[in-house]
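Student: Quick one: the structure is below, and I'll ask about it shortly.
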């Protein structure tokens, strides 16, 4: 029974729960790695060995947080749970493939951990650039294991993407058009398209790196007519869409949360929101070289990538102001989920503004590989993606479990986390402007003050993570059952009660067509 339900599952709700638990576990590993980084940087001087081990920790932190925390929770967890419920489908289009997508992740995770355990580990950064990732600078199996780990995670995501695209296009009730599906469903579909188009390019790049390392090919070795810059183009053609993959489902969740707790029946500017997400998805593919302003591209190439990158701010602005317009005039309920959503809007906007700064190629020459970049992407990830995950979690927790979280603890948790992440990452803007470079385990004494404050902030965030574990335990132990959920007519996922039955929509939903 247990094995059939949890190992051979074909139920989107159970698989979503598995993704959630896996993501939470990986999130703790990733948090532990980030604490190691901040402990090392809390004071000048060495704490944990040399720069190689430091860079192994940094690399593992990035991979774990991206591939095993944010993506499994947002796409695998929330996506699996909510998409079928929101479109009235009995399950995903390919339920067994759905199970395989999940079970490819634990082996992938184990391969990544194994890469740190053998030889000196993969201290390449998450970009895995050759020649540092070649078999001279990284002899041994570490980088090879990392490549295999990425292959598995990539296959998992591609299969998941095929599944979501098919489900969303094909499994809606006949009366519903694509433009009547909720924004979270749209965000997952656009994310899936991005995954489907970008991951094969990453797979090609790391496969060539694998053959360069082991079969004496020279794709990225000038000695044999190759070029390391080719690898950078291949990697970032995946890497830039990837950062939009990480944030787009968050956009969808924030739209739902803001609408719900503003007491509105629909978000402001639904069509604008959809087109903005599609624009972001499209533009995300034609800006990749803004990660490469320092490699010596032509001035006209840099001018193009600067302009194209800045254009992404327009659809992003459409989304931010539509969220604010949704809030406007609403009967606002200051629930924990709403606090996360408001925190998201504010902090994501700050992260977006530093992104506009970095898009200027001439400025980026100075700021590239400094802590300014670290501050920028942690504002959009550690306070964008993570705040969206937390907001979605406290909002839909009653749906997933049937129990309610303690409201007071949840608000305290938000406050601690808000203070912690800002104390961690705001000072890093100053460090970057002062020229402190990334990926070094030590630094000149002049940078001590802000690093110490940043490290103290990371421990405040750690406190928040521990408090969240307590909150979940408290909710599951107290068993406060959900009495009623308001606004179910415009929030289809709540219609079956909390938690919904194992099987939903086994008979097709009846849709009344509204004449507009």
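Glycine residues also receive a Cβ, built from the backbone N, Cα and C atoms like all the rest.
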Student: Are residue 88 and residue 335, as given in Swiss-Prot, on the same side of the membrane?
Tutor: yes
Student: Do you know which of 240, 256, 328 Swiss-Prot groups with 290, 291 in the Cu cation site?
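Tutor: Swiss-Prot lists 290, 291 binding Cu cation, and from 240, 256, 328 it also lists 240.
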Student: Same Na(+) site as 40, 45 according to Swiss-Prot: which of 362, 382, 441?
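Tutor: Swiss-Prot names 441 for this Na(+) site.
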Student: Around the Cu cation site (240, 290, 291), what further same-chain residues have their C-beta within 8 angstroms of the site's C-beta centre?
Tutor: 236, 239, 287, 288, 289, 292, 305, 309
Student: Mind checking which residues reach the topological domain 'Mitochondrial matrix' (401-406)? Cβ under 8 Å, same chain, six or more beyond either end.
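Tutor: For the topological domain 'Mitochondrial matrix' (401-406), the nonlocal Cβ contacts are 336, 394, 471-472, 474-476, 478-482, 498-499.
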Student: Taking the transmembrane segment (51-86) as the first stretch and the transmembrane segment (228-261) as the second, find out whether 3 or more Cβ pairs fall under 8 Å, excluding pairs closer than 6 in sequence.
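Tutor: Contact confirmed: at least 3 Cβ pairs fall under 8 Å.
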Student: How does the topological domain 'Mitochondrial matrix' (401-406) divide up by DSSP, counting helix, then strand, then coil residues?
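Tutor: Summed by class, the stretch gives 1 helix, 1 strand, 4 coil.
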Student: Quick one: Cα separation, residue 240 (Cu cation binding site) versus residue 376 (heme a3 binding site), in Å?
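Tutor: With distance taken Cα to Cα, residue 376 (heme a3 binding site) is 14 Å from residue 240 (Cu cation binding site).
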Student: Are there any residues at least 6 positions away along the chain from residue 376 (heme a3 binding site) with a Cβ closer than 8 Å to its Cβ? List them or say none.
Tutor: 351, 354, 355, 357, 358
